[in-house]
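Annotated features, as they stand in TrEMBL:
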type     : residues                                                             : note
ACT_SITE : B:Glu327                                                             : active site, proton acceptor
ACT_SITE : B:His328                                                             : active site, proton acceptor
BINDING  : B:Tyr130, B:Gln191, B:Asn214                                         : NAD(+) binding site
BINDING  : B:Ser237, B:Gln259, B:His262, B:His328, B:Asp361, B:Glu415, B:His420 : substrate binding site
BINDING  : B:Gln259, B:His262, B:Asp361, B:His420                               : Zn(2+) binding site
There are 2 protein chains.
Amino acid sequence: MAVRLDANDADFENAFSAFLTTKREAAADVAAQVAEIIADVRERGDAALADHTTRFDGLDLAKVGMRVAPEEIDSAFDTLDDAVVDALKLAARRIESHHARQRPEDDSYTDDLGVRLGHRWTAIEAVGLYVPGGTAAYPSSVLMNALPARVAGVERIVMVVPARAGNLNPVVLAAARIAGVDEIYRVGGAQAVAALAYGTPTIAPVAKIVGPGNAYVAAAKRQVFGTVGIDMIAGPSEVLVVADGENDPDWVAADLLAQAEHDAAAQSVLITDDADFAHAVERAVERQLETLDRAATASASWRDFGAVITVADFDTAMALANRFAPEHLELAVAEPDALVAKVRNAGAVFIGRHTPEAVGDYVGGSNHVLPTARSARFSSGLGVLDYMKRTSLLRLDADALRALGPAAMTLAEAEGLDAHARSIGVRLNL
Amino acid sequence: MAVRLDANDADFENAFSAFLTTKREAAADVAAQVAEIIADVRERGDAALADHTTRFDGLDLAKVGMRVAPEEIDSAFDTLDDAVVDALKLAARRIESHHARQRPEDDSYTDDLGVRLGHRWTAIEAVGLYVPGGTAAYPSSVLMNALPARVAGVERIVMVVPARAGNLNPVVLAAARIAGVDEIYRVGGAQAVAALAYGTPTIAPVAKIVGPGNAYVAAAKRQVFGTVGIDMIAGPSEVLVVADGENDPDWVAADLLAQAEHDAAAQSVLITDDADFAHAVERAVERQLETLDRAATASASWRDFGAVITVADFDTAMALANRFAPEHLELAVAEPDALVAKVRNAGAVFIGRHTPEAVGDYVGGSNHVLPTARSARFSSGLGVLDYMKRTSLLRLDADALRALGPAAMTLAEAEGLDAHARSIGVRLNL
C-alpha cells in the first residue's frame, strides 16, 4: 500500500521533502573490484576478457567466438513472430524520423568588427552500446540507444552484451540488426566496458559508452569516464501521474503498475484533486495486482515507494511535480495543454488520457532513455546531441585583431598572463 | 626543450601513440577527505562551512559574513583601471551576443497518425559557479561561465569563491557584477561544493555546479554528481598549432608559450611541414622564455610536455590533430579554410595567422571553457545548452492510440512486461 499524503495537511511540507530525498537504491560498492577488472583488461586484453567471461558468464569465448557472426543474427529472425519484427520496424522508423528533427545546425557569421565566428557539429567517431543480459535485455533500449547515434552520423556503433550460458536474446539481436548495428561482442560487465574504453586486439576502442547496466557496469562507466564519454548513470524508473477525477481509475492504476513492474525500486506517484478518485485508483491497483505476471515486483515497488497525493488544485499539483522532477510525467486531465505550459522539470510528458507512458517506451518515437532520480532538474533524455560535439570557430584578420587585441591584452595583464598578452602584442607590434 | 618527432620516421607511430596517452597530471587522492567534508556540511550546515573556512582559508566568517555585500562589489570597481572595466564590458557584450545564437528551439509537430510530438527547452532553475581563489582566479572565467547561464535564462546564479586571508580579487568581483551575478559567498573548496549541492540555512541549493577548481573541488564535484549536475572536470590546458613555413616564428612561439605559462602540466604542440621553420620556432621559444614573467612555469611545461612534429603534408597534420583532439587548435597556414573542413576533434579552432588563441580566451566571443585531455573526441565546450534541459512531449488521441497501441503491446509482451501491455490494452478494450 502506497503512502498517502494530503497537500493541505499541516505537516505536508516535511513529509513531501522527506519523500523527495528517499533513496530507492543502495549502490553496491564494487569500485575496487571493478578497478581490478579494468586494469586486467588494459594489461592482458582479450585474454582478460576471456577469463572474466568464463568467471562471470560461464561462457568459453574460445569455443563460441567473441564476435557474434552475421548468420547468428540472421537466424535470430527465424525464431521471432512476424508481429514482433514488424513492431520493431515500426518503432525504428518512428524513432528515426523523430530524432532526425534533432540534428543541430552549424553556424557561421561575421560580426561588425569583421570577426568570423561560428561552430560546427560533428558526430562522435565510435560509440559503444552496453546491453544487459538476461531478463534486463530490452530490445526497445537497443533501438532507443542506437538509432539516435545513427541519425547523428556515428560511423561505428559497437554493441556488447553478456551471453550467460551462451544465450543471446533473439529479439535483442533483431533490434540490433534493424538499428544497423552489426559489430556485436558477447562480453558484458566491467570487462566489456574496459574493452570499449581502452580497446583490445579484437575490440577497437570507442570514444563514448552508453546504455544501462548493473552495479559493475555503472561503476566501470564512472571509472572510465574521462578516457571516454559516458551517458547518464540511470537509476530506477519512475512515473508521476497528474489526474483529475474524470479518469477511469483502471487506466491510471494500469499506468502506475506499468512503472512499478520494472523494478522493486521503481516509483509510481499519483497526484489528484479528487480524494474519491484517489481511493478508486488504490482499489484498482490492488485488484490489478492479482492478475499481473510481475506482481511480486510491482507490489513491492508500490508498497515501498508508491505515493498518492491529494491537492486542492492543479497549480499545486504542478508545483509538486516540478519539485519531484519525474522521469515520466502523465497529465491525465481534461485540458492538459494548460498544465504542459507549467512543466519545468520532467524527462518526458505524456499528454492527455490516451497517452499511457508505455506507448512512449516503444513506438511513440521519442526516446525512452530519460533522466531519473530528480536529474530532470539539470539534464535531458538521450538524443542526437549526445552523439555529437560542437567545435567553435574563430577567425580574425589583421584589422579585427587591431580592433580587439588591445582589450584582450588588458585582461591578460590583469590576470598576470604576460605570454598571453605577448602573443597578441607581437602581431600588433605593441 | 620539447620533444621532436618526425612523422616520416619508422617508429613515429609508436612514439605518437605514447605521446597521446602521456598523463600530465597525477590526481591527488583526496576522495576520502572530501567525503568527510561533504558529510559534515550536510549535517551541520553553516557551522561546518565556517569551521572548514577557518581551517583552509584562515578566515573567520563570523567576522566578515559569508555573503559578499553589494557595497564590497561596488568598491571593487574603485580599485580598477578604467581600461580593465572597459575590457571586461567589451568581453561580456561579445560573449553574450555570441551565445545568444546558441539558444535552442522548441519543436512541436503532428505526424501522419495524428500523434503530436515535440520537445521544450527550459533553463535550469539555479546554478552554482565555483571560482578558485588566489592566482587561479580568472575574471574571464567568471564571464565565460556566468554569461551563457544568463543567456539560457537561469534565474539564480550563485558564485562561491574562497577568500584566503579575507581577500577577494576585485577584478573577479567586477566581472561577477558585469555578468549580473550578485549572490556571492566567500567560501571555497569541497565545503562550498557541498553547500551548493545540498544547501545550508544561508546558501539555498542549486541544481548544477560549474567552474574549475583544485583537486578537492574536482573530487567534491564528482561526489555530488547525481544530486546535482556538473560540468566537465577540466584538465590542464593545451594548444596544437598547425603552421606552414611562412609564419613569423616569433608569433607561433608566443602562442606556444601563452599556453605553457598556464601550468607546468599545460601542453603546447607544433605540427609543421617545414623543418627549418620548426627549428626557428624552437629558437624563438628559448629566446622569449628569457623575458617572460612566468618563465619557470612555461619552461617546465615546454620541456616536459611540449612537442614539435614535422610532417610531409597537411593531410597528415590534420589526421594527427584529430587523433590528438586538442582543446585549442590553431591553423596558421595560407589557406586555413581547407584545413578547417578536415577538423573532426577539437574544442575550438583559431583560424589563420591573425587569430592567436589568447584572443579567444577573452574577447573573441566564443567560450573559453573547452574540453581538455582528448575529450574533444566526445564532448563540447561550455555553452547555453549546458544550462538548459529538454523535456520531450508526446500526445496521442484515441485514434492514434488505436493505430499504435497494438505494436507497443506486442513489444511489451516480447519484453515480458505485461503491465505495460495492459496500460494500453485497458484503453483499447483489448
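Every residue, even glycine, has its Cβ placed from backbone N, Cα and C.
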Can you tell which of B:His262, B:His328, B:His420 has the most other C-beta atoms within 10 Å, given these are the recorded positions?
B:His420
Euclidean distance between Cα atoms of B:His420 (substrate binding site) and B:Tyr130 (NAD(+) binding site), Å:
44
Under a three-state reduction of DSSP output, how is B:Asn214 (NAD(+) binding site) classified: helix, strand, or coil?
coil
Least buried of the recorded positions B:Glu327, B:Asp361, B:Glu415, going by other Cβ atoms within 10 Å?
B:Glu415
Near chain A by Cβ (under 8 Å): which of the recorded positions B:Tyr130, B:Ser237, B:Glu327, B:Asp361, B:His420?
B:Asp361, B:His420
Name the residue among the binding-site residues B:Gln191, B:Asn214, B:Ser237, B:Gln259 whose Cβ has the smallest number of other Cβ atoms within 10 Å.
B:Asn214
Fill in the CA-CA distance, B:His420 (substrate binding site) to B:Gln191 (NAD(+) binding site), as an integer in Å.
44
Express the distance between the Cα positions of B:Glu327 (active site, proton acceptor) and B:Ser237 (substrate binding site) as a whole number of Å.
7
Which binding-site residues are spatial neighbours of B:His328 (active site, proton acceptor) here, meaning Cα within 10 Å, out of B:Gln191, B:Asn214, B:Ser237, B:His262, B:Glu415?
B:Ser237
Length of the line joining the Cα atoms of B:Asp361 (substrate binding site) and B:Asn214 (NAD(+) binding site), in Å:
20
Rounded to the nearest Å, what's the C-alpha distance separating B:Asn214 (NAD(+) binding site) and B:Ser237 (substrate binding site)? Just drop the number here, would you?
14
Inside 10 Å of the Cβ of B:Tyr130 (NAD(+) binding site), count up the other Cβ atoms and send me the figure.
27
Determine which residues of this chain, when B:Tyr130, B:Gln191, B:Asn214 are set aside, have a Cβ within 8 Å of the centroid of the NAD(+) site's Cβ atoms, and list them as they appear in the sequence.
B:Pro132, B:Val160, B:Pro162, B:Gly188, B:Gly189, B:Ala190, B:Ala192, B:Val193, B:Gly213, B:Tyr216, B:Val217, B:Ala220
Conformational class of B:Tyr130 (NAD(+) binding site) under the three-state DSSP mapping:
strand
Provide, as an integer number of angstrom, the distance between the C-alpha atoms of B:Ser237 (substrate binding site) and B:Gln191 (NAD(+) binding site).
26
